[in-house]
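Listed in Swiss-Prot:
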type     : residues : note
TRANSMEM : 7-27     : transmembrane segment
MOD_RES  : Ser44    : phosphoserine
CARBOHYD : Asn79    : N-linked glycosylation site
TRANSMEM : 134-154  : transmembrane segment
TRANSMEM : 182-202  : transmembrane segment
TRANSMEM : 203-223  : transmembrane segment
TRANSMEM : 235-252  : transmembrane segment
TRANSMEM : 257-277  : transmembrane segment
TRANSMEM : 291-311  : transmembrane segment
TRANSMEM : 377-397  : transmembrane segment
CARBOHYD : Asn424   : N-linked glycosylation site
TRANSMEM : 436-456  : transmembrane segment
TRANSMEM : 470-490  : transmembrane segment
TRANSMEM : 518-538  : transmembrane segment
Amino acid sequence: MVDPGPITPGQVSFLLGVIPIFVGWIYSELLEYRKSWVPLKPHSDNNLVELGDVAEKDDDKADLLEGGLARSPSVKFHNSSIRTNIIRFLSMEDSFLLEHRATLRAMSEFGAILIYFYICDRTELLGDSTKNYNRDLFLFLYVLLIIVSAMTSLRKHNDKSPISGKSILYLNRHQTEEWKGWMQVLFLMYHYFAAAEIYNAIRIFIAAYVWMTGFGNFSYYYVRKDFSVARFAQMMWRLNFFVAFCCIVLNNDYMLYYICPMHTLFTLMVYGALGIFSKYNEIGSVMALKIFSCFLVVFLLWEIPGAFEIFWGPLTFLLGYNDPAKPDLHRLHEWHFRSGLDRYIWIIGMIYAYYHPTVERWMEKLEDCETKKRLSIKAAIVTITVLVGYVWYECIYKLDRTSYNMYHPYTSWIPITVYICLRNFTHQLRSVSLTLFAWLGKITLETYISQFHIWLRSNMPDGQPKWLLSIIPGYPMLNFMLTTAIYVLVSHRLFELTNTLKTVFVPTKDNKRLFSNFIAGIAIALPLYCFSFVLLQIHR
């Protein structure tokens, strides 16, 4: 039974905003079509103009190949003031629409995808079906994907270490993207098939994502030393742009998509830890003090009874969540539970990133050792690693989910470290990756959010996705194939659209322009929301 909930001012605002964008984009495409079919007149000076336009289009194509829509729209968009651009858009000025046709297309596609989300999850146009777990089928599908990936996408990389210039490749980008990819597939299959027996493994995967947040952000800020407002804004856009519109269009709380607020929080904490007194980051004692301070903050907020509620209480409007199936729980219960499980692991990621150059030097020295000594050391490392992993598996992993969750915040670093050691103990392992999983690893945020609405179904605001989207009723495997294909395609497009629109609206080196865009966004959204609110009040 579908319960779309009451129409909200946010949903009306979205429609009022997206309709003019659709109209503007369609009109711009019509203008471009007319322009391309203008016949050339013999011996006319207009031909020179047409040829110039063709040359400009070739330049635009070159820009497209070099960086997507990164350069052209954003530069053109700011040649005049925000106010002038809005007036030109509302008046449907031909030259403006032609200049920004690519941006209008991206915004229209993004809006159309969100409407598709609503149709799939909040209407009865498409059906739903129940989840069914079969261990044999679950393992068959996952192992089959690994085999296909290994046969078709195994690649060897020749990247050099930025530290030493040698091919060490310890925890390289290809490897971490692959890591995210194979974990994400299991995470999604866990939801689709309701594979409750791997619950503890899923907790480790989420901890690994948070570990990467600490590792990746620390590595960037420590090396690049870029704490600019633009970088911060781009980071927040990447994490929250898509999910914000999902919350608006589908009338969901932010915490329904708990991965997003978790990563936002821990990203902010890494940013704050390295950004404060950043000029002293090269001093080891200062960095030790900063990492200790991170542990202390986490301890005070999560370990001391009552401190969490006091600190986060004012943000209940943003981080609060009530599961319709569990209405008696406190609004901050979900945030406390989710953030608490991985409260320390992001700091472990920071520590690993800090010592990353040191470990690379050790590995470099090890590779230069004589063969017998090198093999002996590697054999000892692998033996100890496997032994530690086995003890953890027997003593911690095999606990029931409630008991396991009690130990998880303090032990999740163990399986992560075991995986890192085993994945990197030979040069051959470090230099290869499965690019299919790496490709999936790049769109983990989009696949995580999209699964709620176009792969699974919740059927109500703030509902957990307890059902499967059914496009082909009565044929569960064919339905799985079709919905998965659409779901992955849409997720990839959302990844590209998010980055495309980021380049348009979040400039990299112009804080004044960034601030103007921010103010313009508020100036457009606020009247739309107020007008929508009044419309709904009149209707009711």
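Even glycines carry a Cβ here, placed using N, Cα and C.
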Residues of the same chain, at least six outside the transmembrane segment (182-202), with any C-beta under 8 angstroms of its C-beta?
131-135, 137-138, 141-142, 145-146, 208-209, 397, 399, 401, 404, 434, 437, 440-441, 444, 447-448, 451, 455-456, 465, 468, 480
Between the transmembrane segment (7-27) and the transmembrane segment (235-252), are there three or more C-beta pairs closer than 8 Å, counting only pairs 6 or more apart along the chain?
yes
Mind checking which residues reach the transmembrane segment (134-154)? Cβ under 8 Å, same chain, six or more beyond either end.
182, 185-186, 189, 193, 195, 197, 432-437, 439
Does the chain bring the transmembrane segment (436-456) near the transmembrane segment (257-277), so that three or more CB pairs sit under 8 Å (pairs 6 or more apart in sequence)?
yes
Residue numbers, six or more beyond the limits of the transmembrane segment (257-277), whose CB comes under 8 Å of its CB atoms:
206, 209-210, 213-214, 217-218, 221-222, 227, 232, 235-236, 239-240, 243, 246-247, 286, 290-291, 293-294, 297, 318-319, 334-335, 338-339, 342, 346, 350, 445, 448-449, 452
Counting across all protein chains shown, how many other Cβ atoms sit within 10 Å of the Cβ of Asn424 (N-linked glycosylation site)?
18
